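Asker: Got a structure here, written out as structure tokens. Questions coming.
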Amino acid sequence: MINAALVGIDFGKTDFEASLEELSLLAKSAGAHPAVTLTGRRSSPDAAMFIGSGKAEELRLACEANDIEIVIFNHALSPAQQRNLERALGRRVVDRTSLILDIFAQRARSHEGKLQVELAQLQYLATRLVRAWTHLERQKGGIGLRGPGETQLETDRRLIGERIKMLQGKLAKLRRQHGTQRRQRERTRTMSVSLVGYTNAGKSTLFNALTKAQAYAADQLFATLDTTSRRVWLGDEVGQIVLSDTVGFIRELPHQLVAAFRATLQETVQADLLLHVVDASSAVRLDQIDQVNDVLHEIGADTIRQVLVFNKIDAVPELAARGGTVERDEYGNISRVFLSARTGVGLDALRAAIAEIATAEPLAGASQPQAATDWNAVPHEPSREAEHGR
Ligand SMILES: Nc1nc2c(ncn2[C@@H]2O[C@H](COP(=O)(O)OP(=O)(O)OP(=O)(O)O)[C@@H](O)[C@H]2O)c(=O)[nH]1
Ligand SMILES: [Mg+2]
């Protein structure tokens, strides 16, 4: 493992601590050992190096003292800032975006996942090349005669552009195939349920528990990149549903990734029901719920019926007794389920909840009014709690 220095600057945002802790997990997930963490306060980033020159010197000394090979910033750096920092520190400097891109590259397994990650990486690279190029152009004052360096940049740019087009073409083709499969599913009216949530919330563990499958679950960020789907039998009345495990979300998900993974993420949009898995043992779970809902909004999935699944209650003494509890909103619709994917407590309640939604509420894909807007529906008692599976 290589030693990494983490750098986080506090600009007065409330999630500073949590986001820094997350950076450490990201670094570990990428295979680096976070040996030192340097923090500081600023009102705005320094144009040349993001941090001031005094802080940069402090960072250089910390790197010398701790045998640091790579410096990871918890922010997006401009190409110039990255270059200046590498020069001043004599080490490789990466920002949060390229760290996340790196982890995705390491994890991608499926053909489509690999294409999407490569597309995101090239798009990230392209912005850097373009800027390096304009910078050189300015230096030359626009006087003719292209040097060999510039020609190379032009070639690089053209090759990257061609490869981006090629990848987009391949992905579009895969998407058309997926569309066909989806329409076949719709014809057979199988209810589709997707597990969504913050990275490391326990989606894959829950997927495995419900399907008795062996999806990769680990204490890593972005353990899952590829959407996996399996049929789950929910009894004679409901029959089969299709359950999908999906990639986790994170705050400030690089927009290149959202763009490249849009198709995969929008597969999520096609679900009839989203099980929004929450790590109930996290101190910042509410913040994480908001972040996930933001991404869902961005990909147009915020209108899909959603149930919050409070997972890992075995790790929260105050919640341990609530395993299998189902909470309802003022219309009597199920809003939250408390369970532990690890111990299995509450899984029956979740199965019952999915079955209830499958039979009682119209599917999102069907052109019928949602239960909540059905004015003739008899209102249930507010926040009635049903106990199941204990
Ligand atoms: N204590 C406890 N730990 C759990 C529970 N469910 C999952 N975990 C742990 O949480 C970690 C993450 O689980 P995963 O299932 O990989 O989480 P994920 O949401 O699929 O994560 P990504 O694929 O990385 O987005 C693993 O170490 C699991 O063992 C639970 O109910 N209780
Ligand atoms: Mg997973």
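Cβ from N, Cα, C; glycine included.
Pasting the feature list from TrEMBL:
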type: BINDING; residues: 197-204, 222-226, 245-248, 311-314, 340-342; note: GTP binding site
type: BINDING; residues: Ser204, Thr224; note: Mg(2+) binding site
type: COMPBIAS; residues: 381-390; note: compositional bias 'Basic and acidic residues'
type: DOMAIN; residues: 191-362; note: domain 'Hflx-type G'
type: REGION; residues: 363-390; note: region 'Disordered'
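If you look at the structure here, what lies around each of the features I listed?
Answerer: Under the three-state DSSP scheme, Asn200 (GTP binding site) falls in the coil class. Neighbour list (Asn200 (GTP binding site), Cβ cut-off 8 Å, at least 6 residues apart, same chain): Leu25, Asp219, Gln220, Leu221, Ala223, Gly248, Asp279.
DSSP gives Thr224 (Mg(2+) binding site) a coil state; it is part of no helix or strand. Around the Cβ of Thr224 (Mg(2+) binding site), the number of neighbouring Cβ atoms within 10 Å comes to 23.
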Asker: Where Gly197 (GTP binding site) and Ser204 (Mg(2+) binding site) are concerned, what is their Cα separation in Å, rounded?
Answerer: 11
Asker: May I ask which residues of the same chain, at least 6 positions away in sequence, place their Cβ under 8 angstroms from the Cβ of Ser340 (GTP binding site)?
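Answerer: Listed in sequence order: Asn311, Lys312, Ile313, Asp314, Ala315, Gly323, Gly346.
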Asker: Rounded to an integer, what is the Cα-Cα distance in Å between Lys203 (GTP binding site) and Thr224 (Mg(2+) binding site)?
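Answerer: Taking the Cα atoms only, Lys203 (GTP binding site) lies 9 Å from Thr224 (Mg(2+) binding site).
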Asker: Checking the binding-site residues Lys203, Ser204, Ala223, Asp226, Lys312, Ser340: which ones have Cβ within under 6 Å of ligand 1?
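Answerer: From Lys203, Ser204, Ala223, Asp226, Lys312, Ser340, counting a Cβ under 6 Å from ligand 1 as near, the near ones are Lys203, Ser204, Ala223, Lys312, Ser340.
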Asker: By the count of other Cβ atoms within 10 Å, pick out the sparsest of the binding-site residues Lys203, Lys312.
Answerer: Lys312
Asker: Could you please provide the mean pLDDT value for the domain 'Hflx-type G' (191-362)?
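Answerer: Mean model confidence (pLDDT) across the domain 'Hflx-type G' (191-362) is 88.
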